[in-house]
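Structure first, commentary second.
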Protein chains: 2
Amino acid sequence: MKELNIAVVGATGAVGQEILKVIEERKVPFKSLRMLASSRSAGKEITFMEKTYTVEETTLDAFKGVDVALFAGGPASRAFGRDVQAAGTVVIDNSSTFRLEEDVPLIIPEVNGEAAKNHKGLIASPNCSTTLLVGAINPLHQKAGVKRIIVSTYQAVSGAGAAGLTELEDQSRQILDHKPIHLDVFQHQIAFNLIPHIDVWQEEDYSKEETKVLHETHKILDAPDMAITVTAVRVPVMRSHAESVYVEFENPLSPDEAREILAAAPRVVLQDKPHDNIYPMPITATGSDDIYVGRIRKDLYNDHALNLWACFDQIRKGAATNTVQILELLLEKDWI
Amino acid sequence: MKELNIAVVGATGAVGQEILKVIEERKVPFKSLRMLASSRSAGKEITFMEKTYTVEETTLDAFKGVDVALFAGGPASRAFGRDVQAAGTVVIDNSSTFRLEEDVPLIIPEVNGEAAKNHKGLIASPNCSTTLLVGAINPLHQKAGVKRIIVSTYQAVSGAGAAGLTELEDQSRQILDHKPIHLDVFQHQIAFNLIPHIDVWQEEDYSKEETKVLHETHKILDAPDMAITVTAVRVPVMRSHAESVYVEFENPLSPDEAREILAAAPRVVLQDKPHDNIYPMPITATGSDDIYVGRIRKDLYNDHALNLWACFDQIRKGAATNTVQILELLLEKDWI
């Protein structure tokens with residue numbers, strides 16, 4: 001397999017750090033590795049696979065000689081993404097900046113990997129809530145055709161980066177110790193609370209997180225008419241998202257058929273033995289690259305519908321792992 | 001107003017303690033008050049409205065001379081409910097024991113108070129998740145006729161009583177301090193986790209919590225054909241439940257109409273200014289007797305449907321307050 005010169009942009013953040021871990025674990029071949037971040041982090045040292053790297057400031061010059069740049073997310077994508085692409089480096093971007101642009105494939109490798117084939121040098125990785133939803137339902141969609149989705153999310157604080165994790169931990173301590181809490185990342189206290197507000201507000205009072213899942217799912221599944229309703233809620237969980245999903249199909253699909261399909265699907269793990277207390281949960285999904293699906297039940301009022309509960313590690317498959325898997329796909333298929 | 005001899009059964013538990021608070025706050029008139037609990041708690045002293053009461057063991061004899069007994073929930077309901085009723089004491093019961101029995105009205109006073117009129121001496125208060133759902137949607141149902149509900153719950157640990165609260169607090173500390181956690185009340189770690197499993201499993205792999213909401217809603221709204229799908233999830237929140245609700249009506253209903261109806265509905269508070277970060281949340285609902293509703297959005301794929309987010313204090317309106325409000329209803333209407 002080719003060995004590439006790789007840059008990780010946002011290498012010091014929660015997702016960037018996880019991208020490095022995933023590169024090591026999955027033995028992604030590389031010739032050289034460049035660690036880029038904002039000027040604030042430039043000069044820091046990162047030890048990775050027994051070698052020490054100095055973090056460099058993200059500038060256009062810093063991408064010279066880089067074959068592929070993995071952008072962890074954040075403002076660097078908008079500031080540099082298109083220029084880096086134009087300069088000949090392949091960009092794999094985890095931010096929302098380019099996801100809906102027409103010349104940018106939006107890729108979950110096991111779902112629509114083929115769409116990356118004719119990429120123009122910029123490929124996007126989806127929003128974490130989209131990846132969880134589409135990863136869980138696509139195997140069923142291929143079999144029975146999804147018509148309608150109603151999904152309520154239970155989203156971990158890691159979606160707001162390392163600062164989100166710190167805020168939940170700090171506030172939890174402050175509340176347990178009966179001390180005043182500090183608000184910084186979230187609109188309200190998140191410890192022992194629920195906040196039905198993720199990202200800014202859009203048309204019809206949907207949040208941007210909710211509309212992202214709608215539009216990104218349409219694009220990934222090439223199903224612009226699929227009816228999708230999303231309610232996005234932040235919960236006091238560290239780093240794994242969950243979703244409660246009602247899904248209606250063109251054709252009837254029994255829970256047993258759904259279980260069989262999901263058990264055989266790549267990168268999906270069926271956890272559906274409720275009588276043994278086995279179902280997806282954040283604490284068991286954390287640290288894994290898989291999408292866990294369980295609580296599969298027939299809808300009592302629609303024999304074309306099922307209900308299910310899905311969970312995955314937001315920092316890994318929701319961000320870092322999917323980004324690296326896109327790179328692996330390009331390498332395997334010789335699309336880079 | 002009549003002054004009654006009242007017994008509180010389960011007076012030392014989380015709900016029993018809150019029933020006492022609500023009696024004081026709402027100035028419910030009483031001639032005498034008896035504090036009953038299990039033999040384990042008998043002999044304890046409770047100071048209430050500047051008077052000290054000794055907790056007595058719940059036995060059939062202990063109800064002699066009692067006009068109305070408020071059962072907080074738990075095994076005492078099954079053990080004593082019917083016998084106490086037969087002995088002439090009016091029972092208002094917060095447990096699930098009798099809710100679906102034909103001779104037992106299941107009452108949310110502002111929703112179906114009239115159904116308590118011809119009670120036979122035993123009246124039930126609904127499951128907390130039912131009260132939140134029905135309390136939030138009934139004003140809209142009266143206007144536009146609810147056909148279909150798909151609800152995902154976000155349920156606080158207080159639903160498992162005082163021990164649930166202690167377990168979340170203890171586990172949160174243990175995890176923050178990197179110590180081993182103790183499991184007692186819940187099937188799995190609840191701190192910083194989500195558990196899609198409340199109560200035992202029933203037909204079609206729905207949990208009993210999920211089927212309770214279905215059957216109790218049918219009974220309260222006298223709408224046995226209403227299509228209701230429930231996913232019940234325990235979340236690491238202390239004492240306020242939330243629900244993400246998709247609701248489809250016989251007749252079209254706009255978000256503005258829904259807001260107007262809810263703003264005027266008794267015991268419902270509209271909190272729907274997302275651009276000002278105002279929406280229902282556990283931390284703002286806690287301690288209140290109201291049902292908070294917000295995030296009202298038209299469904300983008302069904303002009304007969306709305307989506308909303310509701311929240312309330314599980315120990316108060318979800319249990320203690322509704323139980324006391326049933327007593328107030330009987331007193332006001334002279335049905336006791």
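Heads up, the Cβ atoms here are built off N, Cα and C, so glycines get one too.
DSSP assigns A:Cys128 (active site, acyl-thioester intermediate) to a helix in the three-state reduction. According to TrEMBL, the active site, acyl-thioester intermediate annotation covers A:Cys128.
Its Cβ placed at the centre, A:His241 (active site, proton acceptor) has 29 other Cβ atoms within 10 Å. Marked as active site, proton acceptor by TrEMBL: A:His241.
The NADP(+) binding site annotation in TrEMBL covers A:Thr12, A:Gly13, A:Ala14, A:Val15, A:Arg40, A:Ser41, A:Ser158, A:Gly159, A:Pro180, A:Gln314. The secondary structure of A:Ser158 (NADP(+) binding site), as reduced to three states from DSSP, is helical. Around A:Ser158 (NADP(+) binding site), the same-chain residues six or more apart in sequence whose CB sits under 8 Å from its CB are A:Ala14, A:Gly164, A:Leu165, A:Met238, A:Arg239, A:Gln314, A:Ile315, listed in sequence order.
According to TrEMBL, the feature phosphate binding site maps to A:Arg99. Look at A:Arg99 (phosphate binding site): DSSP puts it in coil.
According to TrEMBL, the feature substrate binding site maps to A:Gln155, A:Arg234. A sphere of 10 angstroms centred on the C-beta of A:Gln155 (substrate binding site) encloses 24 other C-beta atoms.
Across the domain 'Semialdehyde dehydrogenase NAD-binding' (A:5-119), mean pLDDT in this model comes to 97. According to TrEMBL, the domain 'Semialdehyde dehydrogenase NAD-binding' annotation covers A:5-119.
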For A:His241 (active site, proton acceptor), the one of A:Gln155, A:Pro180, A:Arg234 that lies nearest, given that the binding-site residues are compared by Cα: A:Gln155
Closest of A:Thr12, A:Arg40, A:Arg99, A:Cys128, A:Pro180 to A:Arg234 (substrate binding site), Cα positions, recorded positions only: A:Cys128
Winner by Cβ contact number (other Cβ atoms within 10 Å) across the recorded positions A:Ala14, A:Cys128: A:Cys128
Mapped DSSP class for A:His241 (active site, proton acceptor), helix or strand or coil: strand
Minimum Cα separation from A:Thr12 (NADP(+) binding site), reported as the residue among recorded positions A:Arg99, A:Cys128, A:Gln155 that achieves it: A:Cys128
Within the domain 'Semialdehyde dehydrogenase NAD-binding' (A:5-119), residues counted as helix, strand or coil by DSSP: 36 helix, 32 strand, 47 coil
A:Cys128 (active site, acyl-thioester intermediate) and A:Gln155 (substrate binding site), distance between Cα atoms, whole Å: 9
Distance, A:Cys128 (active site, acyl-thioester intermediate) to A:Arg40 (NADP(+) binding site) (CA atoms, angstrom): 26
Number of Cβ atoms other than its own within 10 Å, given for A:Pro180 (NADP(+) binding site): 6
